[in-house]
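Taken verbatim from Swiss-Prot:
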BINDING   49, 50, 99, 127, 130, 251, 252  carbamoyl phosphate binding site
BINDING   77, 161, 212  L-aspartate binding site
């Protein structure tokens, strides 16, 4: 049984096949590949973009979607994760998409469910479809010429599952990664590190990936206010100037904290393209896992 728990679950050949399929899906036309199939979404953490993206992807493939309301589910009343898995399995879905605040939950569910499980984000651990859509966006922009491209990841890297998945995936495709964050947001890593964002770093980057500060994952207050953080790490036109690059963000964007209003409206900022690409990538992932499982 194939699952997508981390980006490591797909090899490079499979990822390139996903990109080819996703490129076809960018026309937004409805398909019938998953007609008669059922996909269950169960998000134990709040989500608007990822949940909507997966559900749009499923419906465009012709599948039915069952969204489980966790706030009213038995899990909120003390049901164990194993019982939740057993009950989900008893509904005989063709795939389950799960998000959870605790790292490792999608993997635990995958061991007790007889259909593909897709990780929609677990704790600080992984967010594989976000990393895939980010690389897909980069790949399309540079027309496949991504090896050696310099990417600067800025923000709360230590607490970001998006950063964790991107670092694994982008390293495999030989992008040159630099991390920029305050010391308390910086993970232990062999990658190049800077503790302040400046013009020289941006001048040497082809891609900037800004991240949201994960205040809900902080055990203590790090900054008196997010404005203090923004003074050092907000992506602003005065820093970027006319540099030829692209700016990415997984969303939601804290305007004037992560990225300035001016840069959000800049044509180099591809946040909305990431959203569009996300639906196409998730279509490709769901189609691959479900049809391979039944083949």
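Placement of Cβ uses the backbone N, Cα and C atoms for every residue, glycine included.
Projection of Swiss-Prot feature records onto the structure.
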residue	record	contacts (Cβ under 8 Å, 6+ apart)
49	carbamoyl phosphate binding site	251, 252, 275, 278
50	carbamoyl phosphate binding site	43, 99, 120, 121, 127, 129, 130, 278
161	L-aspartate binding site	121, 122, 123, 124, 125, 126, 127, 130
212	L-aspartate binding site	155, 156, 160, 249, 250, 251, 252, 253, 254, 258
Exercise. For residue 99 (carbamoyl phosphate binding site), what is the secondary structure state per DSSP, taken as helix, strand or coil?
Worked result: strand
Problem set entry | Residue among binding-site residues 251, 252 with least C-beta crowding, 10 angstrom cut-off | 252
Exercise. Under a three-state reduction of DSSP output, how is residue 212 (L-aspartate binding site) classified: helix, strand, or coil?
Worked result: coil
Exercise. From the centroid of the CB atoms of 49, 50, 99, 127, 130, 251, 252, the recorded carbamoyl phosphate site, which same-chain residues not already listed sit within 8 A by their CB, in sequence order?
Worked result: 47, 53, 120, 121, 162, 250
Exercise. In Å, how long is the longest CA to CA span across 49, 50, 99, 127, 130, 251, 252, which the record gives as the carbamoyl phosphate binders?
Worked result: 16
For this session: Please work out the number of neighbouring Cβ atoms within 10 Å of the Cβ of residue 127 (carbamoyl phosphate binding site), leaving out its own Cβ.
Result: 27
